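What follows is one structure encoded as structure tokens, with my remarks underneath.
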Amino acid sequence: MPRDLFQSPVQKTWLPSDLPGVAPPRSCLPLLANSPMLIAMVGLPARGKTYIAKKLTRYLNWVGVATRVFNVGEYRREAVRCYKSHEFFEQKNEEAMQIRRQCAQAALRDARRYIDEQQGHVAVFDATNTTRERRDMIINFCHDCGYKLLFVESLCDDPDVIASNIAEVKLSSPDYKDFDLETARDDFIKRIECYKTAYQPIDDEVDSELSYIKIINVGQRFLVNRVRDHVQSRIAYYLMNIHVQPRSILLCRHGESDSNVQGRIGGDQGLTARGRQFAGALCRYVEDQNALALRVWTSQLRRAIQTAEALALPYEQWKPLNELDAGICEEMTYDEIEQRFPEEFSLRAASKYHYRYPNGESYQDLVQRLEPVIMELERQENVLVVCHQAVLRCLLAYFLDKGADELPYLKCPLHTVFKLTPAAYGCKLESVHLDADQNEYKWRWTLKRHAGTGDKTPRALKPARATQSPCVRLAGRPERGRPALGRGS
């Protein structure tokens, strides 16, 4: 007999009424019966493995797949506090080889503990894993644990890319804190040579039964072999979209709308006079960024389109950028929601990320809706996104690696532009407040300066390459002298 169902009050999903106690899910993303997985990086030093591992982990956590990186280099630095030279990595150094093997095993044990005891779903094993012997150890480990295994190998023979990676990342490693730059560079190059002597790349014939992705010369070519499930296919698609070219991403909310003044959520109201002033200030700010070829994206809501109209640049409307759907609470104030739906108001306050409005959305739903936007942002170079508060929170959470517990509470005030400058292992985020009343803007504060970014001034926006986006392109370019609200007002 079919069991009776009840609707969960927070997520509004249907569950059997006699459902026994269930362990917390490994992830908030439907995994389609996927078993836990280990992702093992492969490649010589200075090939971007850690960059890929960290970026992939950030993406998977953002979409709801609980993921953590286990970097063997950190275990080695803990075991050997004083690094002396590249001789530690020579194949003939048996004592060092034993230490490195023990560090790899310790990282795998921690990965197993994370998956089995801490509800993790994916562990990223960040190491060189350059020999078939080491990879066989990983294969046996996953077989014993019942984990799926995906190798991600980064191959690069471009000397400029390698030199850039050494200069920007490796020379700032804790290994070289007491070295001068030239000595550190020479030693690291010799370290790479130590690995080259024993390197056995994944072979398309010998290793044909393995699941793996090869990334060649930072994304010039890809080779994907035996991708076996939903999560692995998403990983492959994501890795095919990322790039390392310098760029800036500008994010902001629309100008002040009538709904903002009235304290109402959702709806499709137009801009106030102050909102139009912000749109003009945003235009001047963009011009000062020397960004004539900047890609501009907006939602399909009136207030965002009116803001983009003032820029005198072509823009694209994208429905996934629309504000979170508040369902039956659309166009209500929070006081009205509390009075009319007190239980819903309390449920949302208790679990803001997972709470779904009746006939509406949750932040969790919004993240899934925005995944195509993230893929396109990773493909593009310089982009300005004019969107809404909940959408902006989700986008910032992705770039700043913020979890579901922090995402719904990120501060995203009106008339503020967030400028993201991708760096080696993260993003530098600065915010600029555009004073709509005084027609000027001021750098207000730096929200996050990721390790490795230093105090460098963000690079000027450069012309974006022409890439097709699955958006609706508006015809024509607004004229400079045309009123900002001439179309779609």
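Cβ coordinates come from backbone N, Cα and C, glycine included.
According to TrEMBL:
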DOMAIN    27-246  domain '6-phosphofructo-2-kinase'
BINDING   Arg253, His254, Gly255, Glu256, Ser257, Asp258, Ser259, Asn260, Arg303  substrate binding site
ACT_SITE  His254  active site, tele-phosphohistidine intermediate
ACT_SITE  Glu323  active site, proton donor/acceptor
REGION    454-489  region 'Disordered'
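Location within the structure of each feature annotated in TrEMBL.
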| residue | record | Cβ neighbours (10 Å) |
| --- | --- | --- |
| Arg253 | substrate binding site | 27 |
| His254 | active site, tele-phosphohistidine intermediate | 29 |
| Gly255 | substrate binding site | 30 |
| Ser257 | substrate binding site | 26 |
| Ser259 | substrate binding site | 19 |
| Arg303 | substrate binding site | 27 |
| Glu323 | active site, proton donor/acceptor | 25 |
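When the Cα positions of Arg253, His254, Gly255, Glu256, Ser257, Asp258, Ser259, Asn260, Arg303 are compared pair by pair, the longest gap among these substrate-binding residues is 14 Å. Cβ proximity to the substrate site centre (mean Cβ of Arg253, His254, Gly255, Glu256, Ser257, Asp258, Ser259, Asn260, Arg303, cutoff 8 Å) flags the following additional same-chain residues: Gln269, Gly270, Leu271, Thr272, Gly275, Leu414. In the predicted model, residues of the domain '6-phosphofructo-2-kinase' (27-246) average a pLDDT of 94. DSSP classifies Ser257 (substrate binding site) as strand under the three-state reduction. Geometry remark: Ser259 (substrate binding site) versus Glu323 (active site, proton donor/acceptor), CA distance 13 Å.
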